[in-house]
Amino acid sequence: MADPETAAKFKSKNAFPDPLNDPKCNPKSLVKKYLTPKVFESLKNKKTKLGITLWDCINSGVVNLDSGVGVYAGDEESYTLFGPLFDAIIEDYHSPYKLATGHNSDMNPAHVKAPDLDPANRYIRSTRIRVARSLKGYGLAPGVTKAHRLEIEKKVVGVLTSLTGDLAGKYYPLSGMDEKTRQQLVDDHFLFKKGDRFLEAAGINKEWPEGRGIYHNNDKTFLVWLNEEDHLRIISMEKGSDIGSVFSRLCRAVNEIDKKLGFQHTKKHGYLTSCPSNLGTGMRASVHVKIPHAKEHPDFENILTKYHIQARGIHGEHSESTGEDAGVYDISNRRRLGLSEVQCVQDMYDGVKALMELEKEAIAKKRSVFPEVLKNPEVKSLLRKYLTPELFDSLKDKKTAKGISLYDCINSGVENLDSSCGVYAGDEECYTLFAPLFDKIVEDYHSPYKLANKHTSDMNPEKVDAPNLDPEGTYIRSTRIRVARNVKGYALTPGLTRNERLDIERKVVGVLSSLTGDLAGQYYPLTGMDEATRQKLVNDHFLFKKGDRFLEAAGVNKLWPEGRGIFHNNDKTFLVWINEEDQLRIISMEKGSDIGSVFGRLCRAVNEIDKQLGFQHTDAHGYLSGCPTNLGTGMRASVHVKIPKASAHPDFQKICDEFHIQARGIHGEHSVSTGEDAGVFDISNRRRLGLSEVQCVQDMYNGVKKLLEIEKSTK
């Protein structure tokens, strides 16, 4: 709806902008509402000391008739010289605030009452608070000259690069930015784009991108945009729900910059910004929070109004929450002028707290009754088979010491009716507290194993009888053995808190980084991973993705990708996934058929990590895992082997059953071997619980050996 040519005609004559009376003009436009011919005539010949005219201020609203506000101030004086227009717009937009009242600032984080709302990370994904500021002694963004913009950049960068501690970081100028840096800032969601048509018409994009840039700290929790819509957008953010911590970091940074450079401020307007909508605090305090039930509650809008907050989808204004983000909303303060920064944050905090209480009430009500959807005929899960209404009622009110409930364990199977298992344990205690359910599922899945028997572990590679099956490489392409493990003293992955996940990452990386010899390598955290590293890990088939809908519903994906990462050795034959489905997936692999060598390397690594950290284990369950299917050894030992004749043999499935192995295509479960991979199968052990790791590997070895004998003998 931009029409710069028509606007230019009126501007060149310094005439009243008739396009504002066009039916296409937004009827809610504030410049349309308050710029009467009389007001225009009284102001049209005035200029600020920096040369800003009335037309400079209204041009964006005349060019873009769909504007909501429609004016931008070119400098501090614009707010007083053109007060008859600006004052009316400001008091309308920020109603019920009156400019005569005066604005007070408060950047003391101690004044906010904000204990962590969601330490278990069940609802709040992330927190972000930003303020807009403009330096004293310069025009606002639309009125800044090129020389002044460069001067602002130099001064601000000087202050930012002097910051220490958790605020210390690096500045990235947009001018001359190389592609690698640009891509990294895009991946981190830190890069800002050239302003839209509204900012273009206001004069904010002049000499783009010169004098613009991005500063962020080493932890990527503190960010400053230079010379975007305002001189400074100062941002503090982090995964999780510690609103107090995020505000505190912001206050320390803002107060330090203000002390050294000074911000434009008046008693009536608060901190000055180019757009009147950002006056006062210039603050937007927000969280991304999952509240699908609260959103549907009849009191939802009343709570928004009561606490002066607003809700939108997490992908920007007017966006909807869909897909994996369904039910996740961006909740932020609505007021900016006439209350302090502390009050803005408190508004948001109190409002989110009230919405979370609604959500918790709705969830508690839902979880108090048996999930009738499990009775649908298409549901074939073990959860459906064993969870009766009577059993549900006997367990529904119990919670582990870490706060895990029965419904936490069954939620994935209730949300995903095509689940085969349907339960995930949130911590070790789930296996005993909810044993009347878990025991049946475990014994069914791992039949004929009985939990009354004792599971024994054996990670001694010398006990495997596994001479190289295919030294010429005619049949076996590759060998891979992995185990799932979880560290003692923590919840299992679905029940981890943010701090626990980060602590596990730190501890495990410490151990992995101390490994020597053929196990020595490097850790690659998923958070902040640059594109070149990401692509390398993709090419090596080492990168893991965010968990699927089953893991999402189980709570495994919380605060993704924070605390997750990949370690691999220099030879690329030893790999560890940290905080994926389990806290550790430890993998040994290599081209060819030396199963004994692959298992030997795995044993050395697993035994060393176990010695330093310790793994969760019980006599009945073996090594613990979030999903009961991975209990016991947590092992999958496999080869990719070309056996077109053996796979066509009438006894193929019988042999697989006899040796407790399973066959599938090499591209994952349910895949079929076709094309150049025709006849190539992934052969792996089927049993995990009730036999040792040595026995799992021996099962796979013996089964593959038998299949190769058939392959070689079949004409």
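Note: Cβ is positioned from N, Cα and C throughout, glycine not excepted.
Taken straight from Swiss-Prot:
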REPEAT    1-366  repeat 'Approximate'
DOMAIN    11-95  domain 'Phosphagen kinase N-terminal 1'
BINDING   Gly68, Val69, Gly70, Val71, Tyr72, Glu229, Cys275, Glu317  substrate binding site
DOMAIN    123-362  domain 'Phosphagen kinase C-terminal 1'
BINDING   126-130, His189, Arg233, 284-288, 312-317  ATP binding site
DOMAIN    365-447  domain 'Phosphagen kinase N-terminal 2'
REPEAT    367-715  repeat 'Approximate'
DOMAIN    475-714  domain 'Phosphagen kinase C-terminal 2'
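Annotated features, which come from Swiss-Prot, shown on the structure.
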| residue | record | DSSP class |
| --- | --- | --- |
| Val69 | substrate binding site | coil |
| Ser126 | ATP binding site | strand |
| Glu229 | substrate binding site | coil |
| Cys275 | substrate binding site | coil |
| Ser286 | ATP binding site | strand |
| His315 | ATP binding site | coil |
Surrounding CB atoms that lie within 10 Å of the CB of Ser286 (ATP binding site), all protein chains: 24
Candidate nearest Ile129 (ATP binding site) in space, where candidates are the binding-site residues Gly68, Val69, Val71, Glu229 and distance is Cα-Cα: Glu229
Lowest local Cβ density (other Cβ within 10 Å) among binding-site residues: Arg233, Arg312, His315: His315
Residue among binding-site residues Ser126, Arg233, Ser286, Arg312 with Cα closest to the Cα of Cys275 (substrate binding site): Arg233
Residue among binding-site residues Gly68, Gly70, Val71, Tyr72, Glu229 with Cα closest to the Cα of Ser286 (ATP binding site): Glu229
Cα-nearest neighbour of Tyr72 (substrate binding site) within the listed binding-site residues, Ser126, Arg233, Arg312: Arg233
Which of Val69, Gly70, all binding-site residues, has a Cβ with the fewest other Cβ atoms inside 10 Å: Val69
Rounded Cα separation (Å) that holds between Arg312 (ATP binding site) and Gly68 (substrate binding site): 18
Neighbouring C-beta atoms (10 Å sphere around the C-beta of Tyr72 (substrate binding site)): 29
